[in-house]
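The domain 'Homeobox' annotation in TrEMBL covers 27-71. If you look up TrEMBL, you'll see 29-72 marked as DNA-binding region. Sequence annotations record features per position, and here TrEMBL assigns domain 'TLC' to 74-275. For 83-103, 123-142, 207-226, 246-267, the entry in TrEMBL reads transmembrane segment. Under the heading region 'Disordered', TrEMBL lists 284-327. TrEMBL lists 297-315 with the feature compositional bias 'Polar residues'.
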Amino acid sequence: RFIAKPCAINLGIQDSGPHRAQPNAILEKVFTSITKSPDGKRLEGLSKQLDWDVRKIQRWFRHRRNQDKPTTLTKFCESMWRFTFYLSIFFYGIRFLWTAPWFWDTRQCWYNYPFQPLTSRLYYYYILELAFYWSLMFSQFTDIKRKDFLIMFVHHLATIGLITFSYMNNMVRVGTLVLCLHDASDFLLEAAKLANYAKYQRLCDAFFMLFGVVFIVTRLGIYPFWILNTTLFESWELIGPYPSWWLFNGLLVTLQILHIIWSYLIIRTAYKALVRGKVSKDDRSDVESSSEEEDVTPNSTKGFFSTSSNGSNRINGHVTGGQWTEE
C-alpha cells in the first residue's frame, strides 16, 4: 500500500480492471444463480431467448468471469511483497549458513543428534520462515487464484509440516538447508512477474529464463543429491532408523514430486519461448483469452508474462492488457 503501489503507479501501471461485460439482466441471473460456464444446450436456449449469436453469449460469459478478477496493480503489489521477503530471507539464510559447518558437510547435520544447540540466529531464521508460510496458507484463499491452487495448497501443507516437525525434533540444521535452497529461485520468479506487469518484456523473459535454470538446478539437482541424500542415507548411517524417519522423508519426497511437476511446466514454457522467440502464457494462469479474431487486441501479442485480466498463481504465481499472470 505504501511502497509497492506508488512504485507501480510510477511505472505506469493503472488500477483499471478488465473489459466489462455488457449489462444484461437475463445473462447476469444465469451467471450468478445457475452457472458461470454454461454448456452447449443452455447456450442454445439463451441464444433463442435473446436472439444473440452463441459466440456472442460465450464472449459475454468470458468477459463476465474476467470482470471479477484482480487488476495488474493488485498483482504487482502482491508480487513485490513476495519478492521483498524472498530476497531478504535468502540473503539472511546465506549469510547465516556460510559460517555453519553443516552447510559444507551435510554429515554435520547428524553428529551429536539430537543434542545440538539452537542459536538465536537459527531460531529467528526458522520462525520467520514458518510465519511466512503460515501467512501464505491463509492468504491463499483471498489472494489471486490460480490453476495450481491445489498443488500450492499441498506444497504449503508439506512445508509447514516439515518446518514444524523438524523444529520439534531438533532437525533444524538440515531444515535450514531445505529452506535456503527453496528461497534461491523464488525471488527470481517474482522479479520476472514485476517486470511483466511493468511491461519490460525483455527483462521479464531474462528473469524467467534465469529462474528456470536456478529452479531446475536446485530442485532437480542439488535437492535430491544433497538434501535427500543426507536425510535418507547419511542419517540412517549415522544415527540409525529413528522413529520419525519415514514421516520426515515422506514429506521431503512429496516436495520432490512437486518439484518435478513444476519443472515440467517451466521446461514446456521455456521450449515455447525458444520456438516463438519470447516466453508465452503461464500454464498456471486462469486468464481466459479469446479465440475469436474480433476479440484480439494489440496487447494480446505480449510475451509470457504479459498481463491479463485474470486474477488467478499460479503460481503464488503467475490483468488487463495481455496474456500472462503469475509463480
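Here the Cβ of each residue, glycine as well, is placed from N, Cα and C on the backbone.
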Q: Kindly report the helix/strand/coil residue split of the DNA-binding region (29-72) according to DSSP, in that order.
A: 31 helix, 0 strand, 13 coil
Q. Do any residues of this chain, six or more beyond the ends of the transmembrane segment (123-142), have a C-beta under 8 angstroms from a C-beta of it, and if so which?
A. 85, 89, 92-93, 96, 149, 152-153, 156-157, 159-160, 163-164, 167, 172, 175-176, 179, 316
Q | Positions on the same chain near the transmembrane segment (83-103), where near means CB under 8 A and six or more residues out | A | 109, 121-122, 125, 128-129, 132, 173-174, 176-177, 179-180, 183-184, 186-187, 190-191, 194
